[in-house]
Amino acid sequence: MNGMAVVMIIRKYFLIIALLVMPWLAIPSVSAADKGGFNTFTDNVAETWRQPEHYDLYVPAITWHARFAYDKEKTDRYNERPWGVGFGQSRWDDKGNWHGLYMMAFKDSFNKWEPIGGYGWEKTWRPLEDDNFRLGLGFTAGVTARDNWNYIPIPVLLPLASIGYGPATFQMTYIPGSYNNGNVYFAWMRFQF
């Protein structure tokens, strides 16, 4: 697949994600006392869209297929170097937690391009006196598409964890699954500008 085809896939799925997010941006803000869980979520997405503090560069680093959940013949053939790139925007809330909107494309297990985009949130801890060092735990909600599923948009809700210092963060997720399907650790670097 050439570079232009990758750009076309990213544009196509960015439009789908934008159409899913746009209605949330029109939701009026309400006081904290009146918010329910879904309203809090949509307000956080909208605020991250409207008032980003940073722009982010995402660089996929590793995929690892859990060896206990796969036949060796499969893992020997799978790509575990997910070359790609992504961009996003993010902010830190008044509690010090991270919120981000992102779009990334990377080479999947079959060495085919896989776009993903969505919203991520992490509760952040700063266990050292140096506030630049942080740990995070949260989730991402978004949409992806895969070649082996004919690039049909697939919603995802996955856990997030991270360790960071200053503008650099090593962020990761785990895609659960069944035998020979899913059970993949995926990690990337996120650089904040």
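Just so you know, glycine gets a Cβ as well, placed from its N, Cα and C.
The Cβ of His65 (active site) lies under 8 Å from the Cβ of Lys74, Thr75, Tyr78, Glu80, Ser109, Asn183, Val184, each on the same chain and at least six residues away in sequence. Under the heading active site, Swiss-Prot lists His65 (among others).
There are 21 other CB atoms within 10 A of the CB of Asp108 (active site), with all protein chains counted. Marked as active site by Swiss-Prot on the basis of sequence analysis: Asp108 (among others).
With a 10 A radius on its CB, Ser109 (active site) counts 18 other CB atoms from all the protein chains. The active site annotation in Swiss-Prot covers Ser109 (among others) and rests on sequence analysis.
The annotation signal peptide is assigned in Swiss-Prot to 1-32.
Among the features that Swiss-Prot reports, site 'Role in lipopolysaccharide recognition' is placed at Lys74. Around Lys74 (site 'Role in lipopolysaccharide recognition'), a 10 Å sphere centred on its CB holds 13 further CB atoms from the protein chains shown.
Annotation comment: Swiss-Prot describes Tyr179 as site 'Role in the phospholipid gating'. Non-local contacts of Tyr179 (site 'Role in the phospholipid gating') by the CB criterion (under 8 A, 6+ apart in sequence, same chain) comprise Ala69, Tyr70. In the three-state DSSP scheme, Tyr179 (site 'Role in the phospholipid gating') is classed as coil.
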